[in-house]
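Working notes, beginning with the structure itself.
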Amino acid sequence: MVSCWDTAVLPCALLGCLLLTGYCSGSKLKGPELSLKGTQHVMQAGQTLFLKCRGEAAHSWSLPTTVSQEDKKLSVTRSACGRNNRQFCSTLTLNMAQANHTGLYSCRYLPKSTSKEKKMESAIYIFVSDAGSPFIEMHSDIPKLVHMTEGRELIIPCRVTSPNITVTLKKFPFDALTPDGQRIAWDSRRGFIIANATYKEIGLLTCEATVNGHLYQTSYLTHRQTNTILDVQISPPSPVRFLRGQTLVLNCTVTTDLNTRVQMSWNYPGKATKRASIRQRIDQSNPHSNVFHSVLKINNVESRDKGLYTCRVKSGSSFRTFNTSVHVYEKGFISVKHRKQQVQETIAGKRSHRLSMKVKAFPSPEVVWLKDGVPATEKSARYSVHGYSLIIKDVTAEDAGDYTILLGIKQSKLFRNLTATLIVNVKPQIYEKSVSSLPSPPLYPLGSRQVLTCTVYGIPQPTIKWLWHPCHYNHSKERNDFCFGSEESFILDSSSNIGNRIEGITQRMMVIEGTNKTVSTLVVADSRTPGSYSCKAFNKIGTVERDIRFYVTDVPNGFHVSLEKIPTEGEDLKLSCVVSKFLYRDITWILLRTVNNRTMHHSISKQKMATTQDYSITLNLVIKNVSLEDSGTYACRARNIYTGEEILRKTEVLVRDLEAPLLLQNLSDHEVSISGSTTLDCQARGVPAPQITWFKNNHKIQQEPGIILGPGNSTLFIERVTEEDEGVYRCRATNQKGVVESSAYLTVQGTSDKSNLELITLTCTCVAATLFWLLLTLFIRKLKRSSSEVKTDYLSIIMDPDEVPLDEQCERLPYDASKWEFARERLKLGKSLGRGAFGKVVQASAFGIKKSPTCRTVAVKMLKEGATASEYKALMTELKILTHIGHHLNVVNLLGACTKQGGPLMVIVEYCKYGNLSNYLKSKRDFFCLNKDAALHMEPKKEKLEPDLEQDQKPRLDSVSSSESFTSSGFQEDKSVSDVEGGEDYSEISKQPLTMEDLISYSFQVARGMEFLSSRKCIHRDLAARNILLSENNVVKICDFGLARDIYKNPDYVRRGDTRLPLKWMAPESIFDKVYSTKSDVWSYGVLLWEIFSLGGSPYPGVQMDEDFCSRLKEGMRMRTPEYATPEIYQIMLDCWHKDPKERPRFAELVEKLGDLLQANVQQDGKDYIPLNAILTRNSGFTYSVPTFSEDFFKDGFTDPKFHSGSSDDVRYVNAFKFMSLERIKTFEELSPNATSMFEDYHLDTSSLLTSPLLKRFTWTETKPKASMKIDLRITSKSKEAGLSDLPGPSFCFSSCGHIRPVRQEDEDDPELGKESCCSPPPDYNSVVLYSSPPA
């Protein structure tokens, strides 16, 4: 209420300090004195107030708040006074005082010039009485706001201008607050004082005073003040990002109660330098709260402006802060990552699913979500974008797919995208369960074949199981023998014998209504046992089950009414009602209508008790001695157990009246020839039906041979009539009403001799016809057997059909899925490698096959698209054969198979890197040396291959195997199978020279493989070098032994009118007699040896494949020794080519012989392959050489040897065995000149066409030189082939360096030539060699 007015007294205070140094130094002072004594003074308005203050120190005046210091009516004068002018005096003059000048006036020492212990001020309250203004402040129109706090003192400041005025306090509208001196008190200086304010004082309060008959009022509005801060927020929300140079604006918003006031301030990194401008405002538009805003703004933000910004809010004792983080970037950026995994899963039916990414970007990019390449929000209204997330509402299976988020900041030209895959898992749903609406279960006829189907949809694909629940019977009266389900259940499979006999359980994928669904079918072979089948489908989301009540019935439609026969008056009426006991109960007979059409509807008391059988309940109705009145409509009534409905089955019963017998036609006399036949008819009617009896000559006729009685005895048939059959025949018809008869005489004509002749003729005819049909049947069977044998004999693999035909054997072979089945998900298919008769071979990567933890490259054989059932069966048969054969190192082995439903049939086999042996040997002709020593000194030389051969050198899979190519599959590549790309592997092995021990090793391994196949009773039938594959470590494997293919359907073997056969490799008995056996494979093995030791040469070079070739082969002609075969090897070939199959060696004997050639005294310890690296080296103590032979030896049938050694003394054998002396062998080189033409069959490696003599003769016209040897062919008296056979072959010998080079004929006299040992490559059977000089 007072204010200090001290500006004018400052000079006086300084002067006082100079004069009265003692007082200013802090000596004791008296308080100031006022000229008016007492605590108050009353004066009239318009008078002048003089108030003087005297003190010992400088002082100032404090005025009422209603008095302004700038008021012109107010003045203060100061002077020195007292004794020696040592005191300070000041006079306050107020001219023309008014009511608002009422208040407390005080004189107060200045703080610096007084002692704190003394009284510092003197005050007096001045009332300026004004009858027209009893209140100092008048608030009659607009109440003045008075803040209050509940529980504290409340002052209503209605101060008056005179202490004698009486004032009353009223609260709107009608309450009066009377002072009681305790809670409510009146003070003319302060107003009304309420000691402990409550919510009752809240409102409009009015002070009233009556002066001179006039009522004066002043109003106050109490306001309850609070300190409630409801909320503090900073926008934009944290973190706040800006680019350098932008304007930072932060808005701190405080929400409070209506009666709350706040103080707001900021703390931020640039506060010390006042980087920000701050402005505040209040929003009172909300009737329930106040909203205060404090806006901080920084222009051109810099890196130094980043940091923590804090908004501080204070209201009374309440204090709140809110922080936000500000980041300042030099340029924009976008970073997006998967929040979880790239593949997300959800469940169909979920209310919503959120697809979100971890996005860090500035400034905020534009966001677009795509589903399968289409904007998601356009695709469905269920999709909505929130921030960087896509919300999918009411998830369905159609929501599965690829979702891509597109982020773009155009001004920064920044764009990013990221794709996530959403898998919507669906709980299994059974289609039949949703569409089935039958009120009661169906019934299945006894003994019938039933097919139960369960169509299931779910993601992932559900597993379906069939269960059987046997019946548990309830023998209560209400539900007699009713079958109800039990908790006992049995899982079924195709071999289950629980309940009904199961024919099979199949499962397949079908597209139904555009959706892939799994259809499982249970086939019940014989319906006999009632119970319940359950189809249970489950996946990781859930399980669903469909119960199929399987009620067997022996009653048609489960309800049948039958009448035993139409009753006749006096007989018994028998009605039978049979119902299924699983569907009906409460069976009774009722009579619905009588014969006179009188409607009845009552039960029949004559019905018997119902009887229960295995499947039905029978209720019989028997009425004895029926009369015509018993006719009517009878009905059997039964109640359906499931629906409660009463079912009626009606039958009409008409009781017939008795009627005497009546013959429709009388018998008549007639004649019949002996040995003939005759028929007598006796048709009669009556009620009941008459019984007919036949008599001959009054003797009753019984049925016997030659005499046949027809139905109801109404017809008498006599066969082969004899003389004894002549006589009187009589028929009698009888029933309860009477008897009727008719008779006739039968006359027999002719004698018995004629009859015997006819009988003999008939017998002979029957015997002749029987013999004819027997011969015809045998002939047809022979034709069928021949056709079957031809078809069976040409299967690539033949399992000795000693007792059972091949097709039946293959059908009986088992397939062990637990051993061979491989998951398709762990198989990654690659490129196609080839196609066969009914299938194709593709390259694949298999993880974990044969329990390996690594990835292995394999070959997969599968059917072509659109394969037939027979082709599927053929491939399945091949798979069974491969599983039956088993594993061996020297065969291409089966690794696994994929046979389960839901995908194609796949057969997984090994692959071999280096292709077939034939092409490999051809490529090694320039790299061949006899032993390892020469090979170690051979200089590397790049092979020069023929263009067509180069193509063959690429690693490939022949028939069932393939080359490997690395395919990234996410697995570790199996180093034992594949170290590098196939081409690199071949380039490495191509640099290695080929030695004699390699050739023997190949021969030995093939023999071991064939020994294994023969032990498994398998016949290869097409053993050749092209069907031998080369794998790692010089291991060879036999292939093409497991393909169950019919060569008549193979384009490589079949031509209409001609028959393609691999004649060069076939044994004579196979060519002429179509007989295939292990011995015929031995013959083919001999041809294979010839291929190996000619380094891939074509068998029978220069020989035309025609009928003449076959004839000479049958006569004993054989191939000459190949270029690099020793006598021991050639002897083995001749043994394999023995004319008598029984004299040919077994494969076990061949293994032993070749093993002896490989290594002396080797203990094999069960190994399938003998390592050869340490054999035939210098350090082994053996020097492998081919012995020289005398000229006489070659005169005995051998051509010039290709092996010579420098000294015969150095020749030794490696575990050589003693051969029988070679007999004179005719070879195809001795053919007449007209029989052959030079090199015309060199290209026919795989098969030859056996045709008529008009077969074209193939010639090879390429003349590319292979070597520098040139010998002029000038012999005209011999054929080209004979000329070649008489030429001395190029020398082949050992050298220290191992080089191979041709020998020029003109250098034979060179003395230096003998010192340098050298060798020449074998002839290339794919090109013509020209000789420039005649033979010596």
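If you go along the chain as it appears here, the first residue is 1 and each next one adds 1.
Note that Cβ sites are derived from N, Cα and C of the backbone, with glycine treated the same way.
Screening ASN196, ASN916 against Swiss-Prot annotations picks out ASN196 (annotated as N-linked glycosylation site). The record in Swiss-Prot pairs CYS53 in a disulfide bond with CYS107, which is drawn from CYS4, CYS12, CYS107. Of the listed residues CYS636, CYS731, CYS731 is the one Swiss-Prot pairs with CYS682, by disulfide bond. Here CYS535 is paired by Swiss-Prot through a disulfide bond, and of CYS454, CYS471, CYS636 its partner is CYS454. What Swiss-Prot records as N-linked glycosylation site, among ASN323, ASN1234, is residue ASN323. Residue counts of the domain 'Ig-like C2-type 6' (556-655) by helix, strand and coil are 6 helix, 58 strand, 36 coil (DSSP-based). With respect to Cβ pairs under 8 Å, the domain 'Ig-like C2-type 5' (429-549) is most closely packed against 556-655, considering the stretches 151-214, 335-421, 556-655. When Cβ atoms from all protein chains are considered, those within 10 Å of TYR914 (phosphotyrosine) total 24, not counting its own. For the domain 'Protein kinase' (827-1158), the mean pLDDT of the prediction comes to 78. DSSP gives TYR914 (phosphotyrosine) a coil state; it is part of no helix or strand. DSSP places the residues of the domain 'Ig-like C2-type 2' (151-214) in helix, strand and coil in these numbers: 3 helix, 29 strand, 32 coil.
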